[in-house]
Amino acid sequence: MTAHMADKPHLNMIVTGHIDNGKSTTMGHFLMDLGVVDERTIAQHAEESEKTGKGDTFKYAWVMDNIKDERERGITIDLAFQKFETPKYFFTLIDAPGHRDFIKNMITGASEADCAILVLSAKEGETDTAIAAGGQAREHAFLLKTLGVNQLIVAVNKMDDSKYSEEAYKKTVEKGEGLVKSVGYKLENVPFIPVSGWKGDNLVKRSENMPWYKGKTLLESFDDFKMAEKPVGKPLRVPIQDVYTITGVGTVPVGRVETGTMKPGDKIVVMPSGAQGEIKSIETHHTEMPSAEAGDNIGFNLRGIEKKDIKRGDVLGDPANPPKVAKEFLAQIIVIHHPTALAPGYTPVMHCHTAQVAAIMSEFVSKINPATGAVEEENPKFLKVGDSAIIKIRPVRPTPIETFKEFPEMGRFALRDMGATIAAGIVKEITEEHKV
């Protein structure tokens, strides 16, 4: 890893795919070929893997699992593991939904992704399972699109299993194209790359086993990703993560600026309380800042705001264009997980930016085709896994939320119950606003 890492633009990349399609092996091998993980580590994993009785199957996959375990245990590990660079960018790798909280984290912005890889398998039957209703590839593709991850690369893995056959690749591409198109991606913007996570073909080095493929390697294609514009020109929105009381300083809220900019002296309003005040100072990592903009994680001191007026889940904004607070809104959702079916009146917990609030699914307006938006059924009696629908939602207390069209960062949410994410969605329209 070189010293000029910080000078390159930084992108967060998320790796998704069905459980057995080899995403961890692919990324582990990729990191080894890049020199981010040394061969000694891989050899150690191979030895450990042999002990499981499955041969050295996991020698690459465990590179990613290492990160996951250690993350779950809360240890900060050698950053090189989950960071790598290309000639153009500096990437942080987020290994996707191995765990249940992943979807919630993505929606609430804890793990923000700029771009994604979807790993499919060229092995007979595996992609069919992955893209079927309830398959993880289908679920992940839907979520990526719903959550505003607009840049996608599809890696067609396990080419070594199909003896590097162009026909097997084409079959998988056809299925993969159907999937990414159905969730709303434009095919001309989604490259497909034949790879072998196990053998290393087309990860970093061009494969000699597929002379029929003339496109880029995985590494080369990463440099085609584009940097997203920071939403600094929009009105200020800062969802509050925590509020601390610091002796001698007073009330110090902490949060990430989602849109806009702020500086000491600015007038602000906190919603839903409607309390108004002024920014006294801003700091990040214990360093005072002259200003903050979209993307910055900050703590700040406010003049004129009492501790009782601000809490986690509130949103700070510009008094001239205050954060909206909804009593009811129209949403487009996709049902991800439920043992039976959802009926109107069901009340899961809504997670939106930093807010958590019980919310009633008060009315099912229509069931829709997610690819075209065409109505398939008016006023459905129930919704089941895989359904996309337009519904009305009433949070049990007024909640700061925005339409996805105006503020994508503030207009997406997860509905959770029994420790699982039941549905993910975006706000189409605020139908009843809470006025302070």
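Cβ coordinates come from backbone N, Cα and C, glycine included.
What Swiss-Prot lists as domain 'tr-type G' is 8-232.
Swiss-Prot lists 17-24 with the feature region 'G1', giving similarity to another entry as the kind of evidence.
Sequence annotations record features per position, and here Swiss-Prot assigns GTP binding site to 17-24, 95-99, 157-160. Around the Cβ of S24 (Mg(2+) binding site), a 10 Å sphere holds 25 further Cβ atoms from the protein chains shown.
According to Swiss-Prot, the Mg(2+) binding site annotation covers S24, on the basis of sequence analysis. Secondary structure at S24 (Mg(2+) binding site), as computed by DSSP, is helix.
Among the features that Swiss-Prot reports, region 'G2' is placed at 74-78.
Residues annotated as region 'G3' in Swiss-Prot, with similarity to another entry given as evidence: 95-98.
The region 'G4' feature in Swiss-Prot is assigned to 157-160. Long-range contacts of the region 'G4' (157-160) within the same chain: residues 17, 21-23, 25-26, 119-123, 126, 168-169, 194-199, 201-202, 207, 209-210, each at least 6 residues beyond the stretch ends and with a Cβ under 8 Å from a Cβ of the stretch.
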Model confidence over the region 'G1' (17-24), averaged pLDDT: 75
Lowest local Cβ density among G17, D20, K23, M159, which the record lists as binding-site residues, within 10 Å: D20
DSSP state at M159 (GTP binding site), helix/strand/coil: coil
Inter-residue C-alpha distance, M159 (GTP binding site) and S24 (Mg(2+) binding site) (nearest angstrom): 16
